[in-house]
């Protein structure tokens, strides 16, 4: 398990930057600490409220309630685990198949909205719109496996 931001490689930092940027809707260089739970869920980690508050208090050095990228990296580094890329892709393919019930090779943004809301019911409609706009880059209203994979891995 990776423990500190110094242990991260360039790929992991790039992945974290992409995740961070997709939640920095206003492009102000920080994200509200309230979005951290959603980010963890998207990255495949579940944390309870008490643990989440403790983690945020530890890394929000300036006490702003907003996490700048360096604070986010400090936080996320504690949860990153090395995974075999092929194994992760297979797991994500299986998860994608569960949501692509008709086997069309895509899920609609409305299904993605439901998934994200189910993962974190504290997301506002504006939060969901921002996340979906970031993921559905081509504006097609659908998310194919590559877009889904990119959302889940930041690659």
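Glycine residues also receive a Cβ, built from the backbone N, Cα and C atoms like all the rest.
Just so you know, TrEMBL annotations are computer predictions that nobody has curated.
Per TrEMBL, the features are:
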DOMAIN    11-46  domain 'EF-hand'
DOMAIN    47-82  domain 'EF-hand'
DOMAIN    87-122  domain 'EF-hand'
DOMAIN    123-155  domain 'EF-hand'
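For the domain 'EF-hand' (11-46), the model's average pLDDT works out to 81.
Secondary structure of the domain 'EF-hand' (11-46), assigned with DSSP and counted as helix (H, G, I), strand (E, B) and coil, comes to 23 helix, 3 strand, 10 coil. Across the domain 'EF-hand' (87-122), DSSP assigns 24 helix, 3 strand, 9 coil. Applying DSSP to the domain 'EF-hand' (123-155) sorts its residues as follows: 20 helix, 3 strand, 10 coil.
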